[in-house]
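J.: Encoded as structure tokens, here's the structure I'll be asking about.
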Amino acid sequence: MVNKINTRCDLMLFGALGDLAQRKLFPALYQLERANLLADGSRVLAIARTEADTETVRQQLFDKLKQHVKPEEFDAELAKSFLKRVDYQILDFNEPDAFGVLNEWRDDANNELIVYMATPPSMYGVIARNLRSASCCTEKTRVVVEKPIGHDLESSKVINDELGEVYNENQLFRIDHYLGKETVQNLIALRFANNLFASQWDQNHISHVEITVAESVGIEGRWGYFDKAGQIRDMIQNHLLQLLCLIAMDPPSDLSADSIRDEKVKVLKALKQITPDMMDSYVVRGQYTAGTSNGKPVPGYLEEEGANKGSATETFVALKAEIDNWRWSGVPFYIRTGKRLPEKLSQIIIHFKPAPHYIFDPDQKHLANNKLIIRLQPDEGMALKILTKDQGLDKGMRLRQGPLELTFSETFATDRIPDAYERLLWEVMKGNQYLFVRRDEVEFAWRWVDQVIQNWKDSGEPPKRYAAGTWGPVASIAMITRDGRSWYEDV
Ligand code: BG6
């Protein structure tokens, strides 16, 4: 059972009228209220540049909650009582003198203070400095920032330095919302609570690993942002490398934030550089053209609203990552992620090596490796593919592959799976950093991704085309086929 925290907290939310705040953060806070987890007296100051008064903003937030909370979880009375905790403050983020007003809102300086910057990262430093000059923060203030932390290693260092000038690392909560997903945290439980897997988790027993994070949506009106980032910065630098770390890291000595983060950093440091001569066989980048999505025709990336027709930004990346350490030597991690793929699906497949000596029908040898399938979304669960004897007199010792299946929504049907942001906000309130990304993680991830981007730039090659609604360029299939393998197809 989760216990309410008793400490009252004041949450200052910069960018409170933006998409993230309205779609994710307020619904998450509402869910914490619904679970009776917010301490009495905890309050939220919604801060933005738009002229409005508190009542108007509360009404707007009410409408958005209604839109974004599942109907069966929405209670209008509860939403209204939650919104009484929320006040609105118009603020020019660039104006140091304006920040004094934030202190006036706080009625007890002893309340915990959480500052959430749901703003473009270019504003983090300015907001941090202005909060400091208005004496709006102490050494206990917790500060939450969103990705992207920069667009390469150098720019991420600038942002981290600016934040570091004002806050200590133990005050900074860098969000990667994948770490807030229940099933992603489950990777830690799966690996370190089950000795069965621990003894099999290395190059002696695993042949390769697949990580797929596929989305059926396109750019969703975010062309301006996305075109500067591309799929490698938007998804691989953060979410996919975090998943890779959780699969590949050594067991931490405990569940503390730094024990886990130290192990993740070791993996990022051990990622093998992808040099220019490796690019053709290790990396595929793609861009979608017109096609179909969920049975409807959809435009190509270059025909989306606001598109620059000459853009060479990738909407798909498949790559082969290798980890230069004892545990993973010789075990490729095939990673792919893209927009406008056939469905929304995130899954990890651990392919185990076959038994050392095979005694069954030679034509079934291809079945002989066990697979652990970890489904992160949408149908959260796990399946361990094992081999059994096919039943029947006529089958002899023919083999059959079947799953040991755990589908969370069936086995634990009464449990509600919280949204990532509920968990993350809750952990910030408790001051627990283990689901947040430390500065060195961000920087080592950029270091690895930067060299791939540089290789792309140097080669001048355009991305390969794929039709919306397909699994990416054929070259991504060729990449894995060359190694005698294929993408897991049971999707
Ligand atoms: C975000 C990316 O971080 O993650 C988006 O910026 C992407 O482009 C989203 O769509 C995917 O998150 P989820 O939780 O829907 O898998």
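Going from the start of the chain as shown, residues are counted 1 onward.
Positions of Cβ are set from backbone N, Cα and C atoms, glycine also.
Fair warning: this is a prediction, and the values are worked out from it, not measured in the lab.
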J.: The substrate site in TrEMBL lists H177, K181, E215, K339, K344. Which one of D234, D361, D363 belongs there according to the record?
T.: D234
J.: Relative to the Cα of D234 (substrate binding site), which of the binding-site residues R49, D92, F93, K147 have a Cα no more than 10 Å away?
T.: K147
J.: Please check the binding-site residues R49, K181, D234, K339, K344 against ligand 1 and give me the ones with CB under 6 A, sequence order.
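T.: Among R49, K181, D234, K339, K344, near ligand 1: D234.
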J.: Given a 10 Å Cβ-Cβ cut-off, pick out the one of the binding-site residues D92, E215, D234 that has the most other Cβ atoms nearby.
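T.: It comes out as D234.
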J.: Once near-sequence residues are set aside, which residues in the chain of R49 (NADP(+) binding site), 6 or more away, have Cβ atoms under 8 Å from its Cβ?
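T.: Correct list: I90, L91, D92, F93.
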J.: Taking all residues of the domain 'Glucose-6-phosphate dehydrogenase C-terminal' (189-487) together, what is their mean pLDDT?
T.: 94
J.: Of the residues named as substrate binders, H177, K181, E215, D234, K339, K344, how far apart in Å are the Cα atoms of the most distant pair?
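T.: So the binding residues stretch over 20 Å, Cα to Cα.
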J.: Relative to the Cβ position of H177 (substrate binding site), how many further Cβ atoms are located within 10 Å?
T.: 19
J.: Between H239 (active site, proton acceptor) and E215 (substrate binding site), what C-alpha distance do you get in Å?
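T.: For H239 (active site, proton acceptor) versus E215 (substrate binding site), the Cα atoms are 13 Å apart.
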